[in-house]
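Remarks on the structure that follows.
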Amino acid sequence: MEGLAGYVYKAASEGKVLTLAALLLNRSESDIRYLLGYVSQQGGQRSTPLIIAARNGHAKVVRLLLEHYRVQTQQTGTVRFDGYVIDGATALWCAAGAGHFEVVKLLVSHGANVNHTTVTNSTPLRAACFDGRLDIVKYLVENNANISIANKYDNTCLMIAAYKGHTDVVRYLLEQRADPNAKAHCGATALHFAAEAGHIDIVKELIKWRAAIVVNGHGMTPLKVAAESCKADVVELLLSHADCDRRSRIEALELLGASFANDRENYDIIKTYHYLYLAMLERFQDGDNILEKEVLPPIHAYGNRTECRNPQELESIRQDRDALHMEGLIVRERILGADNIDVSHPIIYRGAVYADNMEFEQCIKLWLHALHLRQKGNRNTHKDLLRFAQVFSQMIHLNETVKAPDIECVLRCSVLEIEQSMNRVKNISDADVHNAMDNYECNLYTFLYLVCISTKTQCSEEDQCKINKQIYNLIHLDPRTREGFTLLHLAVNSNTPVDDFHTNDVCSFPNALVTKLLLDCGAEVNAVDNEGNSALHIIVQYNRPISDFLTLHSIIISLVEAGAHTDMTNKQNKTPLDKSTTGVSEILLKTQMKMSLKCLAARAVRANDINYQDQIPRTLEEFVGFH
């Protein structure tokens, strides 16, 4: 029956109404109920024949299912739309989101709930607003769709239409008394979303309907949002309409100019100077009431520059692009505040431009500043940390000097991020745990790349001590992957992933130097993963024993000298010797096997099945247990 259900689903998906009817012909009522309620899974989607037919716009199939087989319109599934995964979507939601008007009308006329919500509280009306289908929006509203239902982030239909740039839908919703001043969780209104996206006609429409100029949760007005996003026409429109004070007006112009200086998509150094100069003139417009800047203290990442405080100072850097780039970053940090989520992006972009031009020192200064800002704001920094591993690897590959204090600084930030991501994994909901775990493991790999890079860098004794302290700090936290791997397991494992953007030019695993360094910093040599394997169990399975003999030899020596038990058994009761996959690793292991009397006694206890639980000290119980 399951195979037949697959054919039924395929026919519905492809709009083959006659095939579908033939497949269902002469079936019992219970069989039909099973076949038409069967949830098929494909590419991360879960849907019934009705849902997939509606999603793909097959009106004839939908009509057959509704009128002849009385399929329930409230069936729900999981579908993908524009890269988003939608859980709890009905056929009506899918048809509305995909723009299939005929199917929408069929479903509504057969009693589909126009206000049914998905898991994230999205309605069919919201789906139609996202797609900009005014005809579907009107039809749903005329059939009692509630325009005020917001999703789980309190984001309304008006907001999504404003952000996506659907002017006609926005106008219609406003005419239907949608609230232009409703706020999303982040504190943003429809005007914020329209301003950020640069939809000037929608901004005009919202102003006409008396949309209020308010700050969002990050202290940003629609005017500031437009300026930060380089939407000059929206900024000028809001300045001409909005009743804003002199300081707000000046800061909007400054922010606009500053944003043009370091924006990948909208870079325009001429506009940078133009708007910064306009703002400066406004500061000095009234000689009796000059509005002085409250400049930031000099910041090392910005070359310890001080922001221009008068027209003459600004004129002096007009032809100096580098100075204008730094001026832009300083202005943004002053106006937005160091804790603003958007401050770091242009800093990272400018650093990347320096890296592309082989100006690595400038790049690292900026990226370290951005990293500190993001960690201070409790942002996820796994991409930032990986970026450092990539640029350090590139530098080593090009024989450029990587400074040990820079590595130590990034390692310190990495330890902090891993500690925070360990807590996130513990406290996060089941729905988000997979992503959180991915980020956490990515941080562990990045830490190992940085340790590997440190072994290829000239370090003073003092610098090496500082680096070792960070390694010790992380080892002390005992971070584990899903498989229960410690840092030591990862260091000796050929399956440890290595990022392929510059990093794999410098880093590889198993890695003898990283293994030795981890052991020197206190890594537990006999720690086991979820399968009871120690690092020694892992390395003896290395499949390049000839071409990479030195690595294999060095790691086995390091592990044994650090106290690895060569007779330790895993959950399959296998010792490292049993797990050895090559003659070379077997020989290396045998030459290193120095069985202590303590180990021989423990093996004898296990081999003869002697009861030792609660008969010997607890520390010895564990020792006997892994033999």
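Note that Cβ sites are derived from N, Cα and C of the backbone, with glycine treated the same way.
According to Swiss-Prot, the repeat 'ANK 2' annotation covers 87-116. What Swiss-Prot lists as repeat 'ANK 3' is 120-149. Swiss-Prot lists HIS185 with the feature Zn(2+) 1 binding site, giving similarity to another entry as the kind of evidence. The Zn(2+) 2 binding site annotation in Swiss-Prot covers CYS186, HIS218. The Zn(2+) binding site feature in Swiss-Prot is assigned to CYS186. Taken from Swiss-Prot, the feature repeat 'ANK 5' applies to 186-215. Taken from Swiss-Prot, the feature repeat 'ANK 6' covers 218-248. Sequence annotations record features per position, and here Swiss-Prot assigns repeat 'ANK 7' to 483-527.
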In terms of Cβ proximity under 8 Å, which residues at least six beyond the ends of the repeat 'ANK 5' (186-215) contact it?
153, 156, 158-160, 162-165, 167, 170-171, 174, 180, 221-223, 225-226, 229, 231, 233-234, 237-238, 241-244
Return the residues near CYS186 (Zn(2+) 2 binding site) by Cβ distance under 8 Å, restricted to its own chain and a separation of at least 6 in sequence.
TYR153, ASN216, GLY217, HIS218
Return the single residue from the binding-site residues list (HIS185, HIS218) that has the minimum number of other CB atoms within 10 Å.
HIS185
Which state, by DSSP, holds HIS218 (Zn(2+) 2 binding site): helix, strand or coil?
coil
Please give the average pLDDT for the repeat 'ANK 6' (218-248) in this predicted model.
93
